[in-house]
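If you look up Swiss-Prot, you'll see Cys65 marked as active site, nucleophile, on the strength of similarity to another entry. Summarising the annotation, Swiss-Prot assigns disulfide bond to Cys89-Cys186. The N-linked glycosylation site annotation in Swiss-Prot covers Asn51, Asn78 and is backed by similarity to another entry. Positions annotated as pyrrolidone carboxylic acid by Swiss-Prot: Gln25. The annotation signal peptide is assigned in Swiss-Prot to 1-24 on the grounds of similarity to another entry.
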Amino acid sequence: MAALHTLWMGLVLLGVLGVLQTQAQVQVSLQPNFQQDKFLGRWFTSGLASNSSWFREKKKVLSMCVSVVAPSADGGLNLTSTFLRKEQCETRTLLLRPAGTPGCYSYTSPHWGSTHDVWVAMTDYDEYALLYTTGTKGLGQDFHMATLYSRTQTPRAEIKEKFTTFAKTQGFTEDAIVFLPQTDKCMEEHK
């Protein structure tokens, strides 16, 4: 009986530790007093970090893309991104639905059908924004990504360093962080 009690207590403790560990993984600070109206407009995706196998395979061929953030009818955001894919410009729009605290959104992945959460962790609205995205991709594969948005195609070195520090704080290693090269292709789509 004592062995059964000890086993049960061990399982309970493992469960509690598992819950605590899961909660700790998603603790991303949000931009204090996030102002959605100031976040609207044109952004360049200048930096990425991800644990995704797709990202690791493709990161050397990725290039900067342009995104436009506009208000949606439900109080969320329409995020329309145009990027180069197979030598052609491709445009995709995501509906970011408000998910509680201002600066926190969720969207459904058109490819996987899964729900992803997006946090605007830090922004000055005029120069840069740091975002963190998490979700499940495919069969139980956790997906995490940090993104650097810049209002220009040439973010300052201090902004790049801020992004690197942010990405490492989220658990990404140096080799999982990439600054996307500029391209003239597909950049005129959202002027």
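Sequential numbering from 1, following the chain as shown.
Every residue, even glycine, has its Cβ placed from backbone N, Cα and C.
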Measuring Cα to Cα, how many Å separate Cys186 (disulfide bond) from Asn78 (N-linked glycosylation site)? 19
Can you tell which of the recorded positions Asn51, Asn78, Cys89 lies nearest to Cys65 (active site, nucleophile) in space, using Cα positions? Cys89
Could you tell me which of these glycosylation sites, Asn51, Asn78, has the fewest other Cβ atoms within 10 Å of its Cβ? Asn78
Rounded Cα-Cα span from Asn78 (N-linked glycosylation site) to Cys89 (disulfide bond), Å: 19
By the 10 Å Cβ-neighbour count, the most surrounded of the disulfide-bonded residues Cys89, Cys186 is Cys186
Three states by DSSP: which one describes the residue listed as 'active site, nucleophile'? strand
